[in-house]
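Engineer: Next up is a structure, given as structure tokens.
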Amino acid sequence: MKLLIKGGRIINPADNMDTVGDILIEDGRIAEIGQNLAIDGAEILDAAGLVVTPGFVDMHVHLREPGLEAKEDIASGTRAAAAGGFTTVACMPNTKPVVDNSILVSGLIQRGQTEGVVNLKIIGALSKGLEGKELAEIGDMIQAGVVAISDDGGHLDSTRLLKTGLEYTGMFGRPVITHSEDEELASEGFMHEGEVSAMLGLKGRPSVAEDIAVAKDIMLAEYTNSPIHIAHVSSKGAVELIRQAKQRGVKVTAEVTPHHLTLTDDELKTFNTAFKVNPPLRSADHVEALVAGLKDGTLDAIATDHAPHAFEEKDVEFRYAPSGFAGLETALGVVLTGLYHTGKLTLLEVIEKMSYRPAKILGLESGVLKVGAPADITIIDTEYQWTVDCIKFYTRGKHSPFEGRNLRGKSLITIVNGSIIMQNGEVLK
Ligand SMILES: NC(=O)N[C@@H](CC(=O)O)C(=O)O
């Protein structure tokens, strides 16, 4: 089967390519990139006026399988990914049971192949049951194919366990991904600690809880000389700590979410649970530092932290609602509207942080447009205007902090391993 994408603006961050041209796909891989390609028998996809990019890679999603399928499962979550322009997602192990052994990992990889419509990568737990007491079967899970190890959902407060986990995971060249928020300071809070939390009378999760945890986690990575990846960075202190660590040569990478880059704690004034998330939405000074950190490369990747919950779980009083919300279907629109159309990031930078960088961090072959690479491609319209309507989401998580917002920019076509799986917003499988 041959597919020819014609006349699109091809942006490939790996080699700073930004040119109008054609891409030929054959047998699931990129066969040729060039001008005016004419191939007999190829299906033609007209991309004139559109941007052709490496398929997006979301290195931080919660697909809730196994055990929490009322919130999401691999079928619904990977369809949401396809709708959002993602061709690969890596799912976190905070499921029921926790993904902390190779049997579960192999099962999920298999489910990904039968139920998933995009490439599914698995992240295994660092501690058994996410309890922070004993190491999970890290070596076995890496052999079974996990791309990283993480106790995401909470901070691994045990320095001893994190040190051993880093040493062990580092031996395999894989990163430990940390949810860096000091539990003792943060766990009783509902939102960012600051003026707004004082006004609302809600206990806060102070930014220093994140700073302390990031400092500690980076020190352990530096000591063990092992790769660490800081998930969903949200505080300006954390950005500065990561910046300094990179200058010292620590093997640290970091991600930031579309919501932390564009929303502040002001939104919480409505007590709308769609804005409740960990780490919390912070004040404008933090948001500014995150955008600056993304721009200067301190923060490597944009990841959604797609964390869907069942409608009725979120539809309760603020205090009782679980943290997290759907992110896969709004990510590109939010980032283009908030960062690209405002001139804060170039289009190449946006694409780099949504495809090339996260693929590199996870050691994937994708994230690039080059001959021989898997044909994972996203075609986007940067000018497409649309309004977020959660009811239309493919994800089961029908809460989004962007509900009702007008966004500019959308992925129109998602191609996974050479097959078109989403076209004009509709997932075809
Ligand atoms: N990000 C969130 O607010 N929620 C995540 C877990 C977490 O990282 O707290 C979830 O799994 O629901």
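Glycine residues also receive a Cβ, built from the backbone N, Cα and C atoms like all the rest.
No curator has checked TrEMBL annotations; they are predicted automatically.
Summarising the annotation, TrEMBL assigns domain 'Dihydroorotase catalytic' to 50-236. Residues or ranges marked as Zn(2+) 1 binding site by TrEMBL: His60, His62, Asp152, Asp305. The feature substrate binding site is assigned by TrEMBL to His62, Leu63, Arg64, Asn94, Asn278, His309. Feature annotation from TrEMBL assigns Zn(2+) 2 binding site to Asp152, His179, His232. TrEMBL lists Asp305 with the feature active site.
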Engineer: Tell me which residues of the chain lie with their Cβ under 8 angstroms from that of His60 (Zn(2+) 1 binding site), as long as they are six or more apart in sequence?
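Structural biologist: Result: Ala90, Met92, Asp152, Ile177, Ala231, His232, Glu255, Thr257, Ala303, Thr304, Asp305, His306.
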Engineer: Please work out the mean pLDDT for the residues of the domain 'Dihydroorotase catalytic' (50-236).
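Structural biologist: Taking every residue of the domain 'Dihydroorotase catalytic' (50-236) together, the mean pLDDT is 97.
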Engineer: Which binding-site residues among Arg64, Asn94, Asp152, His232, Asp305 have CB under 6 Å of ligand 1?
Structural biologist: Asn94, Asp152, Asp305
Engineer: Whole-number Å only: compute the distance from the Cα of His179 (Zn(2+) 2 binding site) to the Cα of His62 (Zn(2+) 1 binding site).
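Structural biologist: Pair distance, Cα basis, whole Å: 14 Å.
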Engineer: I need the neighbours of the Zn(2+) 2 site defined by Asp152, His179, His232. Which other residues of that chain put their C-beta within 8 angstroms of the C-beta centroid, in sequence order?
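Structural biologist: Checked against the 8 Å cutoff, the neighbours are His60, Met92, Ser150, Gly153, Ile177, Thr178, Ser180, Ala231, Asn278, Pro279, Asp305.
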Engineer: Check the DSSP secondary structure of His232 (Zn(2+) 2 binding site), expressed as helix, strand or coil.
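Structural biologist: Assignment for His232 (Zn(2+) 2 binding site) reads coil.
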Engineer: Residues with Cβ closer than 8 Å to the Cβ of His309 (substrate binding site), same chain and 6+ apart in sequence?
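Structural biologist: Set apart from His309 (substrate binding site) by at least 6 residues yet with Cβ under 8 Å, we have Lys71, Ala321, Pro322, Gly324, Phe325, Gly397, His399.
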